[in-house]
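> Structure in C-alpha cells, see below.
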Amino acid sequence: DNPEHWDISLYVSGLDFYAIENGVHSGATMGLATVGGVCTEKYSCIIAELGTTNEYGNPYPSSGFTAIYILAHEIGHNLGMHHDGNSNYCPKEGFIMSPSRGTSGEVSWSTCSSQVLQTLQTKTCLHDKPKKMAPTMNHSKFQEYPGRVWGAKKQCEVLLRDTEAEVWRVENGESICNILRCHNKQRPGKLYVSGPALDGTECSPGRICKSGDCI
C-alpha cells in the first residue's frame, strides 16, 4: 500500500526462454508469473522476453510491439488470470490469455479474464496512486491509441531494428489490425510478422485499428 513502491515488478530479458517438457526444450515459453501473486511480498513480479530473435536473427513474437501482448499475458497471470480454455469456459484461442501466443489477433481480454478484474478490489496495494510520475512513463498522452504516435511503418522499424523497414501491402481483404507484415531491403521477398497493429494505427483512410478491428 506504499505509493512509492511498485505493485508488480516487471523484468524483461533479451534471452530466448525455454522450458523442458518431457526432456525436450520448448521455446514456446516467453514469460513466467505466479498466478495471483500481486500484492504479495515475494510473488508480485513477472519476467518476460523482449526483443528476442532466433539464431538467424529473425524476430520472435516477443520482438517489437508484439511483446506488449506477452507482457499483458504475464501481468494477467499475476493479477489472478488463468489460461483460457484450461480451467474456464472461455475459448482456448482468440484472447490475450490464450495458452500459446500467435502472431495475429488475440488483442483483447476474454470474459473470463474480465471477471477476474472485477475481483481486484480486494487487492489493496492497487488502490493507491503514485505521488509522482515521469512524463515519459505517463501513458495517458496516447489517449489509449498509441498507434497514432507509432504508425504502421514505425512499428515495422522497431520490429526489424531498421529505419528503412516498410509495411507489406495488405492482400485478400486482410487488415493490419489483425496481422501487420513487414519487410526490408536486406532480405527482399521475406516477410516478418509484427503481430496486430497497435490501437490507433491508420488501417485505411479515415479509419483506425481498435481491439483488432479497422473502424
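Placement of Cβ uses the backbone N, Cα and C atoms for every residue, glycine included.
What you see is a predicted model, and the numbers here were worked out from it, not measured in a lab.
Okay, so TrEMBL annotates it like this:
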type     : residues            : note
DOMAIN   : 1-130               : domain 'Peptidase M12B'
BINDING  : His73, His77, His83 : Zn(2+) binding site
ACT_SITE : Glu74               : active site
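Set these features in their place in the structure for me.
Summarising model confidence by region, the domain 'Peptidase M12B' (1-130) averages a pLDDT of 87.
The number of other CB atoms found within 10 A of the CB of His73 (Zn(2+) binding site), across every protein chain shown, is 24. In the three-state DSSP scheme, His73 (Zn(2+) binding site) falls into the helix class.
Other Cβ atoms within 10 Å of the Cβ of Glu74 (active site) number 23 in total over all chains.
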> What other residues of the same chain, not counting His73, His77, His83, have a CB atom within 8 A of the CB centroid of the Zn(2+) site?
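Here the non-site neighbours turn out to be Ala33, Val35, Glu74, Gly76, Met81, His82, Ile96, Met97, Pro99.
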> Through the lens of DSSP with three states only, how would you label His83 (Zn(2+) binding site)?
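In three-state terms, His83 (Zn(2+) binding site) counts as coil.
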> Counting every protein chain present, what is the number of Cβ atoms, excluding its own, within 10 Å of the Cβ of His83 (Zn(2+) binding site)?
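For His83 (Zn(2+) binding site), the 10 Å Cβ neighbour count is 20.
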> If you run through the domain 'Peptidase M12B' (1-130) with DSSP, how many residues end up as helix, strand and coil?
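Its residues fall into 29 helix, 21 strand, 80 coil.
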